[in-house]
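Student: Below, the features straight out of TrEMBL:
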| type | residues | note |
| --- | --- | --- |
| DOMAIN | 1-446 | domain 'Major facilitator superfamily (MFS) profile' |
| TRANSMEM | 20-42 | transmembrane segment |
| TRANSMEM | 49-67 | transmembrane segment |
| TRANSMEM | 111-131 | transmembrane segment |
| TRANSMEM | 143-162 | transmembrane segment |
| TRANSMEM | 169-188 | transmembrane segment |
| TRANSMEM | 200-216 | transmembrane segment |
| TRANSMEM | 237-258 | transmembrane segment |
| TRANSMEM | 270-291 | transmembrane segment |
| TRANSMEM | 303-321 | transmembrane segment |
| TRANSMEM | 327-354 | transmembrane segment |
| TRANSMEM | 374-392 | transmembrane segment |
| TRANSMEM | 412-441 | transmembrane segment |
Amino acid sequence: MLVTAYPTLMNRFSISSATVQWLTTGPLLVMGIMIPVSAWLLNNFSLRIIYLTALGFFFGGLLISYTAGNFGLILTGRLIQAIGVGITFPTIQTVLLVIFPPEKRGSMMGLGGIVIGLAPALGPTVAGFILDNYSWRDLFGLMLIPVGIAIVMTIAFVRPVIEVKKSKIDVWAMMLSTIGFGALLYGLSSVGSDGWTSRIVITSIVVGLIFIGAFVRREWPQKEPFLNVRLLTIPSFTVASMITALSNTTMIGIQVVLPMYLQNVRGMSPLHSGLMILPGALIYGVVSLISGHLYDQMGGRRLALVGTFLLTIATVPFAMLTRQTSYSFIICEYTVLMIGVALVTMPLTAASSVDLKGIQLSHGTAVNSTMRQVMTSMGTAILGSVLANVMSNSNPAHSLLQSAPLVYRNQSYIAAMHGFRAAFLVATVFGIIDFIFACFVKNEKKGA
């Protein structure tokens, strides 16, 4: 949602594009650190306290950003908001898995998917409208009202549906997790601006992988682990988690690159480019609800195969876009993509819990969410670097700008199209890998 406001904030505070990107990069780092911690929090504190704490962080962060007089305070507010989001996201999924029996989990996860999926999908359109009619501050200020209502509702209605089992926090494990995932996500987030060969990128990724390896080695033999990484040895959990992570990676990748194509090549405004993806976002909400019911009836295998197939097929035409491709065609392709993602995301999240019981559910959602966060960051970094490198290698010589400006402009457009097509082609590869994983999903529903 905030990406749409980047040009406005850059002009208001006289900052570069690399600096403003930290409004996205910073929160991703914080969320990547907090999500693994959520499993321990869920098993050691009451659900009401967890929700109130998370919502308190989110409300406080919004207030800081809303009243900020400089970019540093806006970023500070965003980082505080991310603490709340990093706790809330896996908590919601765990609660849905705990309070509903396996035969109803698909329907409830589908209902939850409407909220989780529609919010980021509708964000660009809503943000474009707000920026065209109000102030950038209102992107934060308007959110204070629903978050305040959520706090009141939490106090009034949230009950202790998850059993609290106190355990001593493993400080070393938390430190290894924080440094490992923080460094890895920082390195991946820096690829777009610094490139894969940058010393800071290489160092961050290597340090992150070393600390994550040390974290896994420490946690593997623990009877009461900080984060139960042994769940990755359960085939149904790992396969379903990989499918949801790859589907999310493909979707986010398209959502990042497509608006750039629409704005930079086709000359659309942020609001209009947001409206282009609005039909797909709305269809996602409807199909997400339907797919949950279908999962309860037929299991996850068919949904995984059909969903990943549609997702993959929908990315192929994006790799063949031109400057004249009709807007209606783009809308249709994006809608098909979102149908595929909706058929996969929440049903396969429910399917990942089939062989998990009790305390494993909270650890499962934390591991699942962490995988999704890391793979999405990695996928976005790959798409961004492919786009930038192909465009850079295809750009005309700068001297042509003086001698033949019209030729230079035309060749620059061609270079941009080469870059966008290459990036979309990478998204297609992600979809193909996703479909291959879907072939290994076993159907847990009898007679399906």
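Start at 1 and count along the chain as shown; that gives each residue its number.
Heads up, the Cβ atoms here are built off N, Cα and C, so glycines get one too.
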Student: Assess whether the transmembrane segment (20-42) lies in contact with the transmembrane segment (169-188), where contact requires at least three Cβ pairs under 8 Å among residues 6 or more apart in sequence.
Tutor: yes
Student: Within this structure, do the transmembrane segment (237-258) and the transmembrane segment (412-441) have 3 or more Cβ pairs under 8 angstroms, counting pairs 6 or more apart in sequence?
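Tutor: Contact criterion met.
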Student: Please give the sequence-distant neighbours of the transmembrane segment (143-162): residues at least 6 beyond its ends with Cβ less than 8 Å from one of its Cβ atoms.
Tutor: 42-43, 46-48, 51-52, 55-56, 58-59, 62-63, 66, 94-95, 98-99, 362
Student: Are there residues at least six beyond either end of the transmembrane segment (303-321) with Cβ under 8 Å to its Cβ atoms? List them, or say none.
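Tutor: The answer is 240, 243, 247, 250-251, 254, 258, 261, 291, 294-295, 329-330, 333-334, 336-337, 339-344, 347-348, 351, 417, 420-422, 424-425, 427-428, 430-432, 434-435, 437-439, 441.
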Student: On average, what pLDDT score does this prediction assign to the domain 'Major facilitator superfamily (MFS) profile' (1-446)?
Tutor: 87
